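Data block below; observations after.
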Amino acid sequence: MNQTAILICCLVFLTLSGIQGIPLSRTVRCTCISISNQPVNPRSLEKLEIIPPSQFCPHVEIIATMKKKGEKRCLNPESKAIKNLLKAVSKERSKRSP
């Protein structure tokens, strides 16, 4: 290979390695805008997501997806009812796993 081809390959490589750290979305923020303190029946849950704090959102976020209509609710992780829900769900999961 001649020097020009090697130089072009090096420049392309350096450019692509710099792109790796750029976020895809400019709207990086917390997922939950408002949170609910209301208790949720574990049987009505389809999915429960716990999102830890990150550089984009300093809060723990708990997102419950309901079986009916697939509605998503953000739950207050500090609420006693939600803490009890998390215990019940983890207890149920531990029964299912061998």
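Glycine residues also receive a Cβ, built from the backbone N, Cα and C atoms like all the rest.
Quick look at what Swiss-Prot annotates:
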- C30-C57: disulfide bond (DISULFID)
- C32-C74: disulfide bond (DISULFID)
- R26: citrulline (MOD_RES)
- 1-21: signal peptide (SIGNAL)
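The 10 Å shell around the Cβ of C32 (disulfide bond) contains 20 further Cβ atoms across the protein chains shown. Cβ neighbour count within 10 Å across all protein chains ranks C74 highest among the disulfide-bonded residues C30, C74. There are 15 other Cβ atoms within 10 Å of the Cβ belonging to C57 (disulfide bond). Taking the Cα atom of each, C32 (disulfide bond) and C57 (disulfide bond) are about 10 angstrom apart.
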